[in-house]
């Protein structure tokens, strides 16, 4: 269990870096199959097995949360003081993952080209919506910490958690990158990195959005684990090229966020 905990910390660190896939790290560390199996079959097994699954997933969850918390402060400092350098590093991390996702697949096939275009179109729509309605920095969170979080913002955070959780399951896809696409990455990093200060000041307002986000991630992990496994097994090429289109155009969103 100690080894699993240490591996989970590494996965957590990977999940907070845009372009770095926690799923890929899980595969490399030989814990991807056990994690997805236990999430997907949690409600289908008997009580004794369910208890075993629960403790396994709890260790993974605590380890990943530890990794995210430890690295969030570094990310926040980098974004605040060196935004362009930080985004450049993120871009360099993302670029190698683009060909990796569809490695060995036929990129000339019409169906795959269409899938890529569909993903690109959806990303462009996200970019346009972000330009009109999105929050570019953590400043919006700072304002809401003092004024109170709106219901609409909390619903958005919940949905972001659901979507990001789906991305975390797929090797090669970055959940943090999706949060960045949705305009919430910097806000989430700000919230996580402010936890220690909030505890010292006995201010618990910051826990509200984090709990909502965590609930979204839990729902997303359960809901997407089976759906994504189905898509990758039955429509693998189409799904991966669709994701490829999203990731390729997400680099534009990253640069617009600074």
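Don't overthink the numbers, they just go from 1 along the chain as shown.
Heads up, the Cβ atoms here are built off N, Cα and C, so glycines get one too.
Residues or ranges marked as transmembrane segment by TrEMBL: 6-32, 53-75, 81-101, 113-131, 151-170, 177-198, 204-225, 237-256.
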(request) Would you kindly check 151-170, 177-198, 204-225 and say which stretch has the most C-beta pairs under 8 angstroms to the transmembrane segment (53-75)? (result) 177-198
(message) How about the transmembrane segment (204-225) with the transmembrane segment (81-101) - do they touch, taking at least 3 C-beta pairs under 8 Å (6 or more apart in sequence) as contact?
(response) no
(request) Please work out which recorded stretch in 6-32, 81-101, 177-198 has the most C-beta pairs separated by under 8 angstroms from the transmembrane segment (237-256)? (result) 81-101
